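Okay, so here's the structure we're looking at.
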């Protein structure tokens with residue numbers, strides 16, 4: 001389900017006519033070469049298209065207008081090969097409505113001491129041309145990104161690639177539609193928020209639906225469709241009957257698959273890319289969606305439990321940014337406070353994303369007291385090890401805030417035979433005590449998105465693009 005348009009990024013370089021036509025042709029040739037080699041590097045997830053050498057305010061303004069109305073263009077990359085008077089960039093930059101990357105680089109990565117002359121100096125002026133251009137962006141309070149270094153170096157290309165993913169996620173953020181099945185968990189504070197402001201700032205549309213609307217769609221799913229999904233499930237996961245008799249086990253799994261197909265069809269009909277559930281709102285449903293939710297999250301839908309639409313929308317954005325790679329809905333569940341073992345055990349009742357599994361997930365059926373419904377099927381697995389980030393978004397009186405930190409993710413020290421859920425252990429890199437204290441001081445909630453694929457820098461870049469306050473704990 002996670003499909004993204006074939007976006008591209010338009011690349012322009014700044015100059016001025018006083019250098020002469022031959023020099024401007026040389027500037028264009030160098031810029032085209034950079035674009036070609038960036039594309040050939042295999043590093044960039046989206047194509048860079050060199051458009052032109054920008055020499056006048058009129059050409060820059062017209063270019064930015066063209067960027068805005070081309071839906072296949074996700075953003076702009078600029079470079080000042082020579083000195084480009086920055087007043088020329090004011091109007092166009094103010095009109096730009098898409099992400100902007102200033103690539104502060106130089107065509108050649110060395111100083112040719114034996115051959116350097118004023119012709120070379122006049123043509124290779126990035127050292128001060130990029131400063132002139134950066135000044136006007138700072139003066140205009142543009143939420144742009146600056147990547148500094150030689151364009152041919154892998155670390156610079158990696159930075160551009162990561163920014164491209166953020167820029168695409170920004171564009172796709174304005175297409176995020178969240179279907180709320182039921183309301184938020186009663187009397188919970190942090191899952192609330194200003195939906196109008198969220199649509200203005202991040203583009204997130206949030207709509208409420210009664211459970212009866214969803215149940216009607218679920219009941220339309222045929223046995224034949226469930227049979228097909230059951231066979232697919234058997235091919236991908238380990239089916240564990242456990243203490244259940246065969247008929248009870250199969251029925252429970254089939255109920256979840258019926259929910260999976262019903263929810264998916266409901267979302268597809270409405271163009272929704274994320275959803276929430278709430279164990280307090282289950283009218284007409286045999287089970288709380290567990291396996292159903294996990295399969296939808298696996299497919300790329302954003303998800304939030306207990307009506308948490310902010311985390312659902314954030315999850316969708318992060319899945320786009322990460323190409324749906326090891327990025328999962330999570331909750332801080334319980335703690336290990338022993339000296340030398342400090343850690344958070346993250347989980348949820350049923351809905352943790354199998355993209356972070358380190359082992360082959362098992363389809364199991366167990367009782368769940370919360371919700372008061374029949375025993376739900378769910379995927380049970382252990383999370384992964386490695387560097388990751390944990391991020392949340394909360395709403396305050398003065399706007400939205402993104403809170404996050406880097407973590408060391410690990411597998412639990414032991415088995416949990418009496419806790420048949422998906423689980424992930426982690427410790428904030430700043431330490432559990434510091435991390436937890438600063439998280440709570442910042443007002444971070446208990447629902448988060450954990451990602452092994454994304455970086456703090458990328459999430460900070462996204463927050464900057466949408467004008468969100470940032471509180472990253474370092």
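Even glycines carry a Cβ here, placed using N, Cα and C.
Per Swiss-Prot, these features apply:
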BINDING   306, 331, 348, 447  Mn(2+) binding site
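Locations of recorded Swiss-Prot features on the structure.
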{"residue": "306", "record": "Mn(2+) binding site", "DSSP (3 states)": "helix"}
{"residue": "331", "record": "Mn(2+) binding site", "DSSP (3 states)": "strand"}
{"residue": "348", "record": "Mn(2+) binding site", "DSSP (3 states)": "coil"}
{"residue": "447", "record": "Mn(2+) binding site", "DSSP (3 states)": "strand"}
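Within 8 Å of the centroid of the Cβ atoms of 306, 331, 348, 447, where the record puts Mn(2+), the same chain has further Cβ atoms from 304, 305, 308, 311, 329, 330, 349, 351, 446. Most Cβ neighbours within 10 Å among the binding-site residues 306, 331: this distinction goes to 306. Listed in sequence order, 190, 191, 304, 305, 306, 308, 311, 329, 330, 331, 392 are the same-chain residues six or more apart from residue 447 (Mn(2+) binding site) with CB atoms under 8 A from its CB. When Cβ atoms from all protein chains are considered, those within 10 Å of residue 348 (Mn(2+) binding site) total 23, not counting its own.
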